[in-house]
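Here's the structure we're looking at; comments come further down.
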Protein chains: 2
Amino acid sequence: MFVLGIDPGVSRCGYGGVRSQGRQWQAVCAGVLESDPGLALPVRLAGLRRDLAELFEALRPDVVVVERVLFQVNATTAMATGQASGLALAEAAARGCPVVEYSANEVKLAVAGDGAAGKRAVQRAVADQLRLPAPPRPPDAADALALALCHLASLPLRRALAAQGVAP
Amino acid sequence: MFVLGIDPGVSRCGYGGVRSQGRQWQAVCAGVLESDPGLALPVRLAGLRRDLAELFEALRPDVVVVERVLFQVNATTAMATGQASGLALAEAAARGCPVVEYSANEVKLAVAGDGAAGKRAVQRAVADQLRLPAPPRPPDAADALALALCHLASLPLRRALAAQGVAP
């Protein structure tokens, strides 16, 4: 199974792909889609939409995992992040690709064992689980890999619940 | 000039088109794009994206006017509205169509003369300015027409500022 994590953002949108074979997880790709802060917001969003479409077309993930955007201290940033997440969710669904959302706390709990883990702890956990020599850079790419790992870690529980007819 | 207003939302996304010829303004269309609340959010967003693309393709507006989404009391609703607005902004910009955003208060001030005007006062003002026998229904469609009227009302000021080299 190939899981693609998306850490949504207009300025920097992280992506990270992890392939699972049995209990082996392997990082396939990680990077950041960026937009020019000098452009108007609609133009930046259109560029992000095009970049996401090209990414999904090139990678053809089995599942796309997008961070669920919650309200943050900075209202303007949160709204732009929400707009970016909307583009990612719509692009995946339009391709018929399953999409799952997890909150940042769910990701931290699943990957670092602590829902309040700091950024560095999550990045080290990502590097450990994917047997990488160093935490992936930039941080947005590491966060996207963490999203993919969170989904892979939750699959046994999801399958057990589904077998009992319970939606996760 | 044909101006298309978009009142973004996932459950109900209002649209309203106004054509201006000199100082004459005429309502061309008004309606609501709806999505099935029983479907998953990504599928609903993909459906809205498709509906918006079809609407822009059919109407070919000169300008798209989208309500600027600000933080509201209901955080979940505001985020979904932000996601819907992101789709509208990206779709318009991807077509090379100019996009403008106004806040709800700016629309109320421009259309009803009072930035704190109630929904009904705005709807009556929309009906008056477009010489409609009754306020347009449903309210989302009236709000979208108000967005288009707000832009048309602001054009003389925008042009005057542009002539002085000042960005509005």
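Just so it is clear, glycine is given a Cβ too, placed from its N, Cα and C backbone atoms.
The shown structure was predicted, so the numbers you read here are calculated from the model rather than taken from an experiment.
Features reported for this protein in TrEMBL:
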{"type": "ACT_SITE", "residues": "B:ASP7", "note": "active site"}
{"type": "ACT_SITE", "residues": "B:GLU67", "note": "active site"}
{"type": "ACT_SITE", "residues": "B:ASP140", "note": "active site"}
{"type": "BINDING", "residues": "B:ASP7, B:ASP140", "note": "Mg(2+) 1 binding site"}
{"type": "BINDING", "residues": "B:GLU67", "note": "Mg(2+) 2 binding site"}
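Each of the active-site residues B:ASP7, B:ASP140 was scored by other CB atoms within 10 A of its CB, and the lowest score goes to B:ASP140. Note on B:GLU67 (active site): other Cβ atoms within 10 Å of its Cβ, all shown chains, come to 26.
The CA atom of B:ASP7 (active site) is located 6 Å away from the CA atom of B:GLU67 (active site).
Secondary structure at B:ASP140 (active site), as computed by DSSP, is helix. Under DSSP, B:GLU67 (active site) is assigned to a strand (E or B) in the three-state scheme. You'll find the Cα of B:ASP140 (active site) roughly 11 Å from the Cα of B:GLU67 (active site).
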